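Engineer: The active site, nucleophile annotation in TrEMBL covers SER188. TrEMBL lists ASP362, HIS393 with the feature active site, charge relay system. As annotated by TrEMBL, domain 'Partial AB-hydrolase lipase' applies to 54-112. What TrEMBL records for 1-20 is signal peptide.
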Amino acid sequence: MGRKTLASALVSAILSICHSQVIITKFEDQSGTVSGNLLHNGGDEPDPDIYLTTPQIIRRHGYRSESHVVQTTDGYLLTIHRIPQSKNGTQGKQPVFLQHGLLSSSADFVISDNKSLAFILSDLGYDVWLGNSRGNTYSRAHAWLPTNTDEFWNFTFHEMGVRDLPTALAYVSNVTGLMGDIIYIGHSMGTTMFYSMASTLPEFTHKHVKVMAGLAPVAYMTYITSPIRYFAPFVNDIQWIAKHLGLREFLPHGLIMDVLVYNCRQFKFEKEICEQVIFLVCGFDKLQLDKKMLPDILAHAPAGSSTKTVIHYAQEIRHNGDFMQFDYGEKGNLAQYGKSTPPLYNLSSINVPAYFMYGENDWLADEKDVLRLAKDVQINIGTYKVPFKYFNHVDFLWGRDAATLVYKPLIDIIQRFR
């Protein structure tokens, strides 16, 4: 692969970073590795987390790990990872559910070593559950649909919100026996999914969730400043092209990403491209980005999602940032919704306490959009602007000071609901 071709691939890949319930099986995770042969080839010894799955990372850091597979009402098989007890063996009590963002996975919350949010919460005595949305690396399965069909990839964050989350949360309530006691923490699309569920299924949400905290919350997108906004006017053309080329899945993880991880670790030029494209999409913040983490990040993200989900966000941007359901066009909307335009989500229906944490330099979740969102929910228990001028969208996960700037005040809030 030539350097120019590789650089182009890096740009495309990193764009992704910035942005009746049935139990099938539950099992204790066993050891094993993923990828790795291609990645390990000279240079400084890399972080071993590059080669590991989420459960393996959890165990490597001294915690017990479980994997639970549940089936949604429309047949998707979702893997939920769990850290049931702290490193010292203390059984977690109150369940905390962590939900990743677009094109990500449960790995988001465990690849920052002892500064990882999942480990911090486990050490505080919480029963930590890590969701994986349909179509990603860990939830790429279905009870009857092959994964290479249009039908399998026909979903957006709406289905993740009104089908995936209810299945997962009801399961957690059932396993723990603590209905109505779940603390929900979402990042980016993990918040979009929650707002979709909570506005559409308010009674269910109130029944299972005690409090919700949003990190870089995304609902309204009126003031998005990321350059990706320039693609929004062409969303219909992009949708047409994707459909006719059969591009159902957006940025799955695979061999190309393994190559990118290797080159991002080995070569200064590619490492700079990795860094700059993340900044271009999410906001510039050299002080919070630990360059040594770039291979870890790219080893686990992008984790794949549907092209339709990306198009859904682009539609919102084109429609003045409104938080709305998918736009199928006038005829399609009439068939789907009984009206010519897609319905807006009724955020005033959200009836659980909600907390909002945002960064001043977040180019995807703008402060004005977040504050508007906070005003529209029923029970706003507070907003928090990270006290660091350049804090961006991914710093909530991997910023050098995320543990002190974000997780400490976050924990202060959720401790009120123990």
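Cβ coordinates are placed from backbone N, Cα and C, and glycine is handled just like the others.
What TrEMBL says about a protein is an automatic prediction, not a curated fact.
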Engineer: To what whole number does the mean pLDDT across the domain 'Partial AB-hydrolase lipase' (54-112) round?
Structural biologist: 95
Engineer: For SER188 (active site, nucleophile) and ASP362 (active site, charge relay system), determine the Cα separation and express it in whole Å.
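Structural biologist: SER188 (active site, nucleophile) and ASP362 (active site, charge relay system) have their Cα atoms 11 Å apart.
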Engineer: If you measure HIS393 (active site, charge relay system) to ASP362 (active site, charge relay system) at Cα, how many Å is it?
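Structural biologist: That separation, Cα to Cα, works out to 5 Å.
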Engineer: May I ask you to report the DSSP-based helix, strand or coil state of ASP362 (active site, charge relay system)?
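Structural biologist: Coil, per DSSP.
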Engineer: Give me the DSSP three-state residue breakdown of the domain 'Partial AB-hydrolase lipase' (54-112), ordered helix, strand, coil.
Structural biologist: 11 helix, 21 strand, 27 coil
